[in-house]
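Inspection log for the structure reproduced underneath, given as structure tokens.
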Amino acid sequence: MESTTLSKPFKNQVNPWGPLIVLLILGGVNPVTLGNSPHQVFNLTWEVTNGDRETVWAITGNHPLWTWWPDLTPDLCMLALHGPSYWGLEYRAPFSPPPGPPCCSGSSDSTPGCSRDCEEPLTSYTPRCNTAWNRLKLSKVTHAHNGGFYVCPGPHRPRWARSCGGPESFYCASWGCETTGRASWKPSSSWDYITVSNNLTSDQATPVCKGNEWCNSLTIRFTSFGKQATSWVTGHWWGLRLYVSGHDPGLIFGIRLKITDSGPRVPIGPNPVLSDRRPPSRPRPTRSPPPSNSTPTETPLTLPEPPPAGVENRLLNLVKGAYQALNLTSPDKTQECWLCLVSGPPYYEGVAVLGTYSNHTSAPANCSVASQHKLTLSEVTGQGLCIGAVPKTHQVLCNTTQKTSDGSYYLAAPTGTTWACSTGLTPCISTTILDLTTDYCVLVELWPRVTYHSPSYVYHQFERRAKYKREPVSLTLALLLGGLTMGGIAAGVGTGTTALVATQQFQQLQAAMHDDLKEVEKSITNLEKSLTSLSEVVLQNRRGLDLLFLKEGGLCAALKEECCFYADHTGLVRDSMAKLRERLSQRQKLFESQQGWFEGLFNKSPWFTTLISTIMGPLIILLLILLFGPCILNRLVQFIKDRISVVQALVLTQQYHQLKTIEDCKSRE
């Protein structure tokens, strides 16, 4: 530290009011709100900056807001780029390779191109990052028991820390300002946003330094307070100082979050009518219709031609497959829940993914005609692998675009994925067709439009007790499971029983979706003599009639425009309406048991509430009259009597004076 009156501490000085002050500060910050749904996926980039606010290290991922808190591992010397001269990097640009030379020689004999500072001590003003051997010495200092470094927070610190100074003192003007670091007294804090430590041990850093690489990697982790903060877009700043004898050299670094929208939801398919059905006034396009159903089929996994089944079996199998996949990946969400099929389009949605497709010189088995679906996938999100000449309107879906080479071969999508092309859905594509046409394809995961609701939300809707200022966000299967296909479910997680169960359960969902899509395709084929676009629109709207039959049969509970099925860890309940009545009855009994007799009287007799509210006013007035009327009447009578007596007295007095006057006159005569 720069202060000469204070000795170096052995423990951190913590202000007891610090947590309260920080809570008040955080409570006054307006969070960044991008979009209406908290589940919308954004392209997030965590950036670490130097003192000039230049990005020197970054990490990127696609996640919902405020859910991704990765470890940040920049190098200490990267933070010193364009920093003070004693770091030796004042003229180095960000992301430039580490300066050399990578070798050294002693003071006696020299080697051309080698540094001569191998045996020289690392003093307070020795450039610490300009050579491989100085970076090695810096590593020894940061790992030493009596050395290390400490970090002090910048402007986001509480008010009591104003004495910690500004950037000129690296926010560490006095002891007690440090909140984290790697030092002998183990500085810590209960309110700061991050912790900083060494990422490599001294033994791990030595060969990296000798190889002329950045070898002083740090590990920056977000604390619980940091994860609650929503002001990372503007950034926060810290000062870092080395703990050495004499003057403690330092630097300034910052952390900020860059948020980019993952892109609009774009329809892909041959039917332009479906694309135009979304309301143009919405900021994010609403979901247009993909496949639906009309004619049904069952979902056996082994039979190539399953016998036709009713609407009940086909849609129930679709919900069962969704439940099994969700129960496998997130068993905590299936302890008790409601899975709902929507009555309005879209009924399927795609998530663009990156994957490794297989190249075949001859058509593989899954390229059969039966697996082709000339349907429009009206909503695709994310960014994935694209093949062909993708127009500018759909390039937002492409993370990587590959051109096909000359030749005739087939590109098969990985297990659990499919190609969403401008001509429809297909498990494999022919490069010959791509060369002859302007077709293009995006690798997607296909998910049925199944919404997830918590039991409390469903019960409140039927009890009409809860009033929501804003409609709760509906979680769909694509939001809950999107991206997991390429993450291991389809291929199997490891080996053994877990992988087998994962593969089987995911295949059941795939089989149910394939059966549903196949029935839709058959119906469209039968209607091809009429207008294709109109046929598909009318056909997909038939899903509402199918769900109506399920509701009338008591198989599902109608919630607004959805048909909901109850599920728990025992599986999907077939008679969901009976289950709903049972749960509502249990909740009603529990609610009544917690009420007093007076509240229960009003709840059991709704008409009684209206009657009481109507006659309560007149009854209260009548009661007041009966209570205070006699007293008021007595006082009124008494008042009247008093007035009458006064009048009588005045009359008598007047008569007396008249008699007296007459007598006086007679006596004088």
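Don't overthink the numbers, they just go from 1 along the chain as shown.
From the backbone N, Cα and C atoms, a Cβ is placed for every residue, glycine too.
For the annotation N-linked glycosylation site, the record in Swiss-Prot points to N293 among the listed residues N293, N603.
A disulfide bond in Swiss-Prot ties C129 to one cysteine from C77, C177, C209, C215, and that cysteine is C77. Among the ranges 318-334, 420-436, 539-555, 641-657, the one that Swiss-Prot lists as region 'Immunosuppression' is 539-555. For N399 (N-linked glycosylation site) paired with N43 (N-linked glycosylation site), the C-alpha to C-alpha distance reads 12 Å.
Looking only at other Cβ atoms within 10 Å, the busiest spot among the disulfide-bonded residues C215, C386, C556 turns out to be C556. Averaged across the topological domain 'Extracellular' (32-611), pLDDT for the predicted model comes to 73. Considering only the recorded positions N43, C337, C386, C428, C441, the residue whose Cα is spatially closest to the Cα of C563 (disulfide bond) is C337.
In sequence order, C152, C172 are the recorded positions from C152, C172, N327, C337, C631 with a C-alpha within 10 Å of the C-alpha of C164 (disulfide bond). Ranking the recorded positions C172, C209, N327, C337, C556 by Cα distance from C421 (disulfide bond) puts N327 first. Taking each Cβ in turn and tallying the other Cβ atoms within 10 Å, the top scorer among the recorded positions C152, C209, C340, C631 is C152.
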